[in-house]
Amino acid sequence: MRLLSLEVENYRNIASASLTPGRELTVICGNNGQGKTNLLEAIWLLTGGKSFRGGKDAELVRRGEPFAVLKASTLRAQQEEQEKEEPNRVRLTVGAPDSPRPGRTVSVNGGAVKRAASLAGSFPAVVFDPGHLSLVKGAPEGRRKFLDAALCQLYPGYLTLYRRYVRALQQKNALLRRSSNGIERPYAEKRALLEVLNVELAQQGEAIQQRRRAYLAALSPLACANYEELSRGAETLSLRYAAQFEPGGLVQLLRQKMPEELRAGQSLCGPHREDLDLLLDGQPAKVYASQGQQRSVVLSLKMAEAAAAASITGEHPVMLLDDVLSELDDGRKQYLLTRMREKQTFVTSCDDTAFLKTDGEVYRMNGGVLTKV
Ligand SMILES: Nc1ncnc2c1ncn2[C@@H]1O[C@H](COP(=O)(O)OP(=O)(O)O)[C@@H](O)[C@H]1O
Ligand SMILES: [Mg+2]
């Protein structure tokens, strides 16, 4: 996947900017608070997803303006091979809440205006944002999200599966909660209802775990190899799916845990309680990893996510790496700067010196004004 050009208008602090990225590496440097992350976020919106920073649509429009406009020209690997194919022209608009057309809308090649979410799958990208460091130290939910988000991007059916599971889980939790709130259904009736929901949960839950395991089997060797190279063998990363049940065992587990769940007033088992263990030399990274090691773990995972997507879909995602170089030693920086050359990659940094050697495109962002260096 390749971004050929991007024009930005009234996006956050960027009044107007024009970017012609390199085939491989593009560096955006500048001091803090100048708009570097804003520019990466604008590129990310072309995936059809919401802001990776969790920014609401209203916050994306430059203060005092009715809407932001992004005009991009993109090319899929397939199009690139068949040289005569025209690039896609994407026009994405973010309307402020009080504008005639609020929210994110898009039109491709001058076609009908649709919701931006309709872009899903047409511009794959992987983003590294310093907030992702919580993947290592944070709660299991973040790690499950990492797996589930990747699976949703790769297999449209996964989202349906996941939603079915969550719907049944919500019903189950509501039923279990009522029992502790004292509005009691007859015990036998409640058990019967729970059993019905557990059948559904077991079916969807097994499928979810199975997809996660299969994805991890593809991801693991890639992530470990990345880490090995990044740390030049200093330590070994391994990934382990922290399962509550072996394949086929969820029905049994749900049956066994029912009395406990009734007492606890909430569901206690299933893939929504599982985790992904990240280990460095066999020890939990959560407990022992230094800042630099955490960063290296997350980077290895993110690069593996992109490589896995490339091998499954044939399209290598665009890499968006925000503030990726801080806290890495020179060896790790050097490795990344060479690795990043392979695919189209955007990197932001407040340190210009790291990039003096690069043959990529270098831009400077200053107060929302983008200039080519
Ligand atoms: N909707 C908006 N309108 C105007 N400025 C904004 C808007 N949203 C964010 N900003 C400004 O963008 C700047 C932060 O840009 P950012 O890309 O995070 O900086 P950095 O270069 O450090 O990555 C802040 O000065 C912030 O006030
Ligand atoms: Mg930033």
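Just so you know, glycine gets a Cβ as well, placed from its N, Cα and C.
These features come from TrEMBL:
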BINDING   G30, N31, N32, G33, Q34, G35, K36, T37  ATP binding site
COMPBIAS  78-89  compositional bias 'Basic and acidic residues'
DOMAIN    4-358  domain 'RecF/RecN/SMC N-terminal'
REGION    75-107  region 'Disordered'
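Where TrEMBL records a feature, it is marked here on the structure.
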residue : record           : Cβ contacts under 8 Å, 6 or more apart
G30     : ATP binding site : K36, T348, C350, R364, M365, N366
N31     : ATP binding site : C350, N366
N32     : ATP binding site : C350
G33     : ATP binding site : none
Q34     : ATP binding site : N13, M365, N366, G367, G368
G35     : ATP binding site : R12, N13, I14, M365, G367, G368, L370
T37     : ATP binding site : R53, D129, D322, D323, T348
Neighbouring C-beta atoms (10 Å sphere around the C-beta of K36 (ATP binding site)): 26
Taken over the domain 'RecF/RecN/SMC N-terminal' (4-358), the model's mean pLDDT: 92
Listed in sequence order, residues not in G30, N31, N32, G33, Q34, G35, K36, T37 with Cβ within 8 Å of the centre of the ATP site Cβ atoms: T348, C350, M365, N366
Secondary structure content of the compositional bias 'Basic and acidic residues' (78-89), with strand meaning DSSP E or B: 4 helix, 2 strand, 6 coil
